[in-house]
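Record features (TrEMBL):
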BINDING   HIS17, SER18, GLY19, LYS20, SER21, CYS22, ARG174  ATP binding site
BINDING   SER21  Mg(2+) binding site
BINDING   ASP39, GLY92, ARG157  substrate binding site
Amino acid sequence: MQSGKELPSILITGMKHSGKSCHGEALARHLTLPFTDLDRLVMERYWAQGGKESSVRRLYRNEGKQRFMALEAEAAKALKQDERAMVVSTGGGIADNDGVLAGFHDEGGRSFLIIHLRLPEGLLFARIVAGGLPPFLEGEGGIKGARERFHHLCLRREKVYRRYADLVFDLEDRSRKENSQIIIRGVDTFLSGKKE
């Protein structure tokens, strides 16, 4: 395995509730790298600018998508300038923020290894609505309408995630530990230059 100075920063993408944070934390522990969450950095930036909302969901709902996306772009730009290798989980909506995901591969600042986590769409939807319907799925047609909106959202975002992904992991409804081990083995193999 490479030493910490040689390791790339790693960005983890995927739909909401795909396990980006829990698997990112496990990967960071394995690689002995710091872990951060882009949404947390967005909120820190927001609060530093005098924002009053208590969560990403409330910020998005009460101040709007454009405000959130502007903060996300600022936080991503700051991450690119950080010289430390780290593991970063993103919010599911990063695929909708033009140029932000592409920026993690650009020259000018640290380049990131981008990992995309995929889970079955039905499983993701069940996990998402278990905590209440989020603003990005609200609209007409109740839960059936939300399911249809989610399907179209998955199709659109999946194209973007895959375009920028260096590694894609098709996960299933396994334990967190099992899925984390699949990701860790895949990243270790990739970083060591071996073919699976």
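Cβ atoms here come from the backbone N, Cα and C positions, even for glycine.
Because TrEMBL annotations are produced automatically, they should be read as predictions rather than curated entries.
Here the features listed in TrEMBL are placed on the structure.
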| residue | record | DSSP class |
| --- | --- | --- |
| HIS17 | ATP binding site | coil |
| CYS22 | ATP binding site | helix |
| ASP39 | substrate binding site | helix |
| GLY92 | substrate binding site | helix |
| ARG157 | substrate binding site | helix |
| ARG174 | ATP binding site | coil |
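Neighbours of the substrate site: apart from ASP39, GLY92, ARG157, residues of the same chain with C-beta atoms within 8 angstroms of the site's C-beta centroid are THR13, GLY14, MET15, LYS16, THR90, GLY91, GLY93, ILE94, ALA95, ASP96.
Each of the binding-site residues SER18, SER21 was scored by other CB atoms within 10 A of its CB, and the lowest score goes to SER21. Other Cβ atoms within 10 Å of the Cβ of LYS20 (ATP binding site), summed over all protein chains shown, number 25. GLY19 (ATP binding site) sits 10 Å from GLY92 (substrate binding site), counting Cα to Cα. Of the candidate binding-site residues, ASP39, GLY92, ARG157, the one lying closest to ARG174 (ATP binding site) when CA atoms are compared is GLY92. Least crowded of the binding-site residues (HIS17, ARG157, ARG174), judged by neighbouring Cβ atoms within 10 Å of its own Cβ: ARG174. Here the Cα atom of CYS22 (ATP binding site) is found 14 Å from that of ASP39 (substrate binding site).
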